[in-house]
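Asker: Below: one structure in structure tokens.
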Amino acid sequence: MTEPETLALLDMKDTEISEKSPPQASVLQPEEEGGTESPGAESLRVGSSVGSPTVREGPEDGPDSTISEAATLPWGTDPHPSAPLPDPPGWRDIGPELLESEAPIKSEEPLKEDANLLPEKTVRAFVPIDLQCIERKPQEERIKHREAGPGELRNFLPARLSHPEPPERKWAEAVVRPPGRSCGGCGSCGGREALRAVASVVAALIFFPCLLYGAYAFLPFDAPRLPTMSSRLVYTLRCGVFATFPIVLGLLVYGLSLLCFSALRPFGEPRREVEIHRQYVAQSVQLFILYFFNLAVLSTYLPQDTLKLLPLLTGLFAISRLIYWLTFAVGRSFRGFGYGLTFLPLLAMLVWNLYYMFVVEPERMLSASESRLDYPDHVRSVSDYRPRSWG
């Protein structure tokens, strides 16, 4: 076989090999373009020029023998740096139709920033991390809290730091602060509330003696003749029955509030609508005991002409407790006026009783003898006593 025929045969075999194995051709192609030739290529060229027996046996064995011999050539195992990556196994089984169908369709729309450009298998190897779930450091939270304006402070406050207030504090603040008003935390609201409370007590201090004197002078009734101490005590106790009216009314409202707001559990969460009436009833009972204890002692020292004060003080107690209940329910600081109308008469009676016990009649402090105020030299006799026309 002549040399031209051998070269033609080699060219035919090269074309068949390139058709059956395109990856090998692509691998060899960059090497030829780069100017570097592998040792296998040199041996192939030398054999073709000299007419080696390996090439001569090619036509007898067929193209398969040529591929096997090419596989046994002493090529380097390391891939060339400029060579592309080898294709995965099984690529020959994929038909051209599937490759065309799986080809990515270029969309005219620009890619989004959050679009996933990685293959599906690669995405599975990564675990997504939500930056919002990472706990921030307390220093960063403080910085943001300081930099935020007064209207934005509530937005940067994390939910996990908001500690719920106890229910007792909630309804107590709701009672002191009227609903619908917001406090900016400047501290002036507390001073105003205290000033209003003091002003209401001072108003009660001025209004209490004027009201008592006007009722004593202008109301058309007189107290009955009560010469003995026992009769005065009985009269005082009978007047005290009328003073229990606001307390009993408070108990009824308290029971209805328990039913309406389903607060029947004794150790459950207290509600503002229920606690208002409960505190009013408890405070009224305490003041009633102190008030009428001093009123009973006062009845033993008053002269006959001034016994009219007993029913007047009883009515003042009932009216003042109703005023306090109303102002306490609406959450006004002016409730000190109603409390002052109850506490100031109690304080005045206590001072009067101590004065008579230690100054006027110290010998009768612990005795049950008749008072000097009922003797002829202190009061009028029974014959001189003339009740008023309306008494």
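Keep in mind that glycine also has a Cβ here, set from the backbone N, Cα and C atoms.
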Asker: Do the topological domain labels in Swiss-Prot for T15 and L366 match, putting them on the same side of the membrane?
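Answerer: That fails: Swiss-Prot puts them on different sides.
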Asker: For the topological domain 'Cytoplasmic' (1-200), what is the mean per-residue pLDDT, to the nearest integer?
Answerer: 55
Asker: Can you tell me which parts of the same chain pack against the transmembrane segment (201-221), counting only residues 6+ beyond its ends and a CB-CB cutoff under 8 A?
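Answerer: Counting only partners 6 or more residues beyond its ends, the transmembrane segment (201-221) has Cβ contacts under 8 Å with 308-309, 311-313, 315-316, 336-341, 344-345, 388, 390-391.
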Asker: Which range wins on Cβ pairs under 8 Å with the transmembrane segment (340-360): 241-261, 280-300, 310-330?
Answerer: 280-300
Asker: Going by DSSP assignments with H, G and I as helix and E and B as strand, what are the residue counts for the topological domain 'Extracellular' (301-309)?
Answerer: 4 helix, 0 strand, 5 coil
Asker: I'd like the per-state residue tally for the topological domain 'Extracellular' (222-240) from DSSP, helix first, then strand, then coil.
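Answerer: Residue counts in helix, strand and coil order: 12 helix, 0 strand, 7 coil.
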